[in-house]
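K.L.:
In case it helps, TrEMBL gives these features for our protein:
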type	residues	note
DOMAIN	11-221	domain 'YjeF N-terminal'
BINDING	Asn62, Gln63, Gly64, Gly65, Asp66, Gly134, Phe135, Ser136, Phe137, Lys138, Pro139, Pro140, Asp163	(6S)-NADPHX binding site
BINDING	Gln63, Asp130, Ser166	K(+) binding site
Amino acid sequence: MSARFLTAQLAQQIDEELMNAVGAFSLDQLMELAGLACAQTLATVYSKEKYPKVLVCCGPGNQGGDGLVAARHLGMFGYKPTIYMPKPGSKDIYQRLQKQCINMDIPIIPPPASAEELPRVLQSSNVILDAIFGFSFKPPVRAPFDDALKLISASGLPIVSVDIPSGWDVELGNAEGVGLNPDVLISLTAPKVGAKYFKGRHFLGGRFVPKAMQEKFQLNLPEYTGFDQIVELPRNYRM
C-alpha cells in the first residue's frame, strides 16, 4: 500500500501534533532531522567529487531553517555550500542556525546584495538545494523570490527540492507554471498531494514519526533500511 499523500491542512495538523504535549518534539529537533535528511538525499544523488559546490537557497520560514541545517551537514560531509537567503528569518532559531553556518565558514550572500550576486553564484555552483517555500506556500511568488526562481530555472543546474518544489501549490502542483522543476524531491514526514505531479527521483525523509501517530493518520510509510534517514520511493509511486 502506498503512503498517504498529505493536504496542506493535514501536514499542518501532523506538524502541530509532533510538537505538542503528545509528540513532545521541539522545532529544533524536527528541523535538525529534516535538514540531515535533505543533506543525505543530495549526497546520495550528487557526489561531492562531481558536484562539490552546492547553492543552498533558503526562504524566511521553517523551510529555510531546514536548508540552513542541510548546509551545515553538507559542509560536514565535505561539500562547499554557499547560502542564498535574501530574507533571513527573524526568529531566534534562524539566527542560531545562521551562526552555526558562519562558524563553519559557510559563505552567506549578504541580503542587500543577493539580487546582484545570485547570477554570479549560480555560474560557479554545481547543484542547488531548494529550501525556499514549504507546504504553506500559496501563489503568486513575490519579490525577491520571483526573479530568483526564474534565474534558478534558467541556470540549468540540477535541483534538489525540499518537501515541495518552490513555487508549487502543495495540492495543485505547478499549476501556475512559475515553480521550479527539480530533478530530485525529498518529501518530509510524508509526501504532499502536489508531489503526484513530480516525475523525478523522489525520496522520503523524516524518520521520526512515532508508530502510534503513523497509525492514527494512516500514513502507511515505507520501511527505512539500516540507519538511513531517507528512503527512495519507486518511480511509479503515486496516490
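The count begins at 1 with the first shown residue.
Placement of Cβ uses the backbone N, Cα and C atoms for every residue, glycine included.
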K.L.:
Quick one: of Asn62, Gly64, Asp66, Phe135, Phe137, which binding-site residues lie within 10 angstroms of Ser166 (K(+) binding site), measuring between C-alpha atoms? Sequence order, please.
P.N.:
Phe135, Phe137
K.L.:
Determine, to the nearest whole angstrom, how far the Cα atom of Asp130 (K(+) binding site) is from the Cα atom of Gly64 ((6S)-NADPHX binding site).
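P.N.:
Each residue's Cα considered, Asp130 (K(+) binding site) and Gly64 ((6S)-NADPHX binding site) end up 9 Å apart.
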K.L.:
What is the Cβ neighbour count of Gln63 (K(+) binding site) at a 10 Å cut-off, with all protein chains included?
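P.N.:
Here the count is 27.
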K.L.:
Between Phe135, Phe137, which of the binding-site residues has the fewest other CB atoms within 10 angstroms in the structure shown?
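P.N.:
Counting other Cβ atoms within 10 Å of each of the binding-site residues Phe135, Phe137 gives the minimum at Phe137.
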K.L.:
Sorry to bug you, but what's the C-alpha spacing from Asp163 ((6S)-NADPHX binding site) to Gln63 (K(+) binding site), rounded to the closest Å?
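P.N.:
Cα to Cα, Gln63 (K(+) binding site) and Asp163 ((6S)-NADPHX binding site) are separated by 8 Å.
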K.L.:
My understanding is the cutoff is Cβ-Cβ under 8 Å with a sequence separation of 6 or more in the same chain; which residues meet that for Asp163 ((6S)-NADPHX binding site)?
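P.N.:
Same-chain residues close to Asp163 ((6S)-NADPHX binding site) (Cβ under 8 Å, separated by 6 or more) are Gln63, Asp66, Gly134, Phe135, Leu185, Ile186, Ser187, Leu188, Lys192.
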K.L.:
Would you mind giving the whole-number mean pLDDT across the domain 'YjeF N-terminal' (11-221)?
P.N.:
96
K.L.:
Please compare the binding-site residues Asn62, Ser166 by how many other CB atoms fall within 10 Å of each one's CB, and tell me which has the fewest.
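P.N.:
Looking at the binding-site residues Asn62, Ser166, the Cβ with the fewest others within 10 Å is that of Asn62.
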K.L.:
Using the Cβ centroid of Gln63, Asp130, Ser166 as the reference point for the K(+) site, which residues of the same chain not in that list have Cβ within 8 Å?
P.N.:
Cys57, Gly59, Gly67, Ala131, Ile132, Phe133, Gly134, Ser161, Val162, Asp163, Ile164, Pro165, Leu180
K.L.:
Rank the binding-site residues Gly64, Pro139 by the number of other Cβ atoms within 10 Å of each Cβ, and give the residue at the low end.
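P.N.:
Comparing Cβ neighbour counts within 10 Å for the binding-site residues Gly64, Pro139 gives Pro139.
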K.L.:
With every protein chain in view, how many other Cβ atoms are within 10 Å of the Cβ of Asp66 ((6S)-NADPHX binding site)?
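P.N.:
If we count other Cβ atoms within 10 Å of Asp66 ((6S)-NADPHX binding site), we arrive at 32.
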